[in-house]
Amino acid sequence: MLNTEGEMATGADVRDILELGGVESENTGTINKKDIINSDKKKSKKSSETLTFKRPEGMHREVYALLYSDKKDAPPLLPSDTTQGYRTVKAKLGSKKVRPWKWMPFTNPARKDGAMFYHWRRAAEEGKDYPFARFNKTVQVPVYSEQEYQLYLHDDAWTKAETDHLFDLARRFDLRFVVIHDRYDHQQFKKRSVEDLKERYYHICAKLANVRAAPGTDLKIPVFDAGHERRRKEQLERLYNRTPEQVAEEEYLIQELRKIEARKKEREKRTQDLQKLITAADTTTEQRRAERKAPKKKLPQKKETEKPAVPETAGIKFPDFKSAGVTLRSQRMKLPSSVGQKKIKALEQMLMELGVDLNPMPTEEIVQMFNELRSDLVLLYELKQAFANCEYELQMLRHRYEALAKAGSLGPGSAEGAHADGPAAPGAEEGKADAKDQIIDVVGAPLTPNSRKRRESASSSSSIKKVKKP
């Protein structure tokens, strides 16, 4: 036994040293010829098996990709730039010979004094013109002769010497009229504004262009409106010199104008909604009358005529069950989701006041008449609500009108009456103080939620009482 175990231990040691393995060698414990010949294949197979890594559970794919590359190598310790990516490398240093640079003189063609400057430049560009000379753009100021001035350009308000001085400054400062006005000789010549200088210059340019142009050519003559420019600057100066009180007043007026426009839009919207309700009520009434008169007249059956379009806001629009299959008739009595809880509660209250069951027997006739009754009640509720809103707005406007009339009666014309009454003077002062707000706020103040709720509840109760009366 000892010898056998010793031999087995020796065989295992040899296999570990040679990195050999296999079923046959493991079972027998001896080294075969195949183990020695196929040792390289087994090593590559073993290395491929050991280098397969699995991403841990819970780790994102992007995070795991940062740990190992496709070749299962460890990440680099230093950042490396590669050409594969969103941007290419800007600087590509090659192995070519470096081009020499030279310190050489140059002159700027824009300068007329012949000044000499020095800068670094490539040796191959020696003797070439200054590259930034192409940006030296000058304005072509027209030149006129003595004869042209006497024939076409003479002006009583301007002398020839003053005109020559203006055109000389225009050439020197490239039509920068603010600089021209600053350098203008106001002591020798008449004091001129920037607009006067511009008007004289562009008038001469337009005149020379018309005179020198060939017949039949299309000219682009510059036009300068000196009056408009003066008014613009005057208005800008007034705007700049406003006091803080004037700025605050203007902002206040703009805010009030926005409020008035918003109230006007709201009033127009309420008017459209009210008109829709009135149209819906008239249309519903005409349809009922036509349906009542139809059975009395025995006429041959005709095709159904198109019903007039009724707005969606008129009463309740019950859904039509036209799908195949069996349906319950009581489903036609179910109120649609478009009806709000507020209308549903008001409708139930009105039905209870009228003594109508909330869930009647759903026969064909009862379902149709019950739906029509509830639609009419909702339409009546909306009309009463709109009527209450109009009444409230009319009352508010009446109060404002009375307040404005009272403030107008306490003006300068009624000073004697106010003096005779004595105690009425403080009221007059208060009326004058609030006159501004009263005059601006004449369109109608928006309704508050509390006042609207109280008015809606009052209108619903009054409508129930009027319906209940015989």
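Using N, Cα and C of the backbone, Cβ positions are placed for all residues, glycine too.
Look at TrEMBL and you will find 32-51 (among others) tagged as compositional bias 'Basic and acidic residues'.
Annotation source TrEMBL lists compositional bias 'Basic and acidic residues' at 264-273 (among others).
According to TrEMBL, the feature compositional bias 'Low complexity' maps to 415-428.
Annotation comment: TrEMBL describes 429-439 (among others) as compositional bias 'Basic and acidic residues'.
When averaged over the domain 'DAMP1 SANT/Myb-like' (130-208), pLDDT in the model lands at 91. Annotation source TrEMBL lists domain 'DAMP1 SANT/Myb-like' at 130-208.
Annotation comment: TrEMBL describes 249-408 as domain 'DNA methyltransferase 1-associated 1'.
For 23-51 (among others), the entry in TrEMBL reads region 'Disordered'.
The region 'Disordered' annotation in TrEMBL covers 264-310 (among others).
Taken from TrEMBL, the feature region 'Disordered' applies to 408-470 (among others).
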Request  = By DSSP assignment, list the helix, strand and coil residue numbers for the domain 'DAMP1 SANT/Myb-like' (130-208), in that order.
outcome  = 48 helix, 2 strand, 29 coil
Query = DSSP says what for the compositional bias 'Basic and acidic residues' (264-273): how many helix, strand, coil residues?
reply = 10 helix, 0 strand, 0 coil
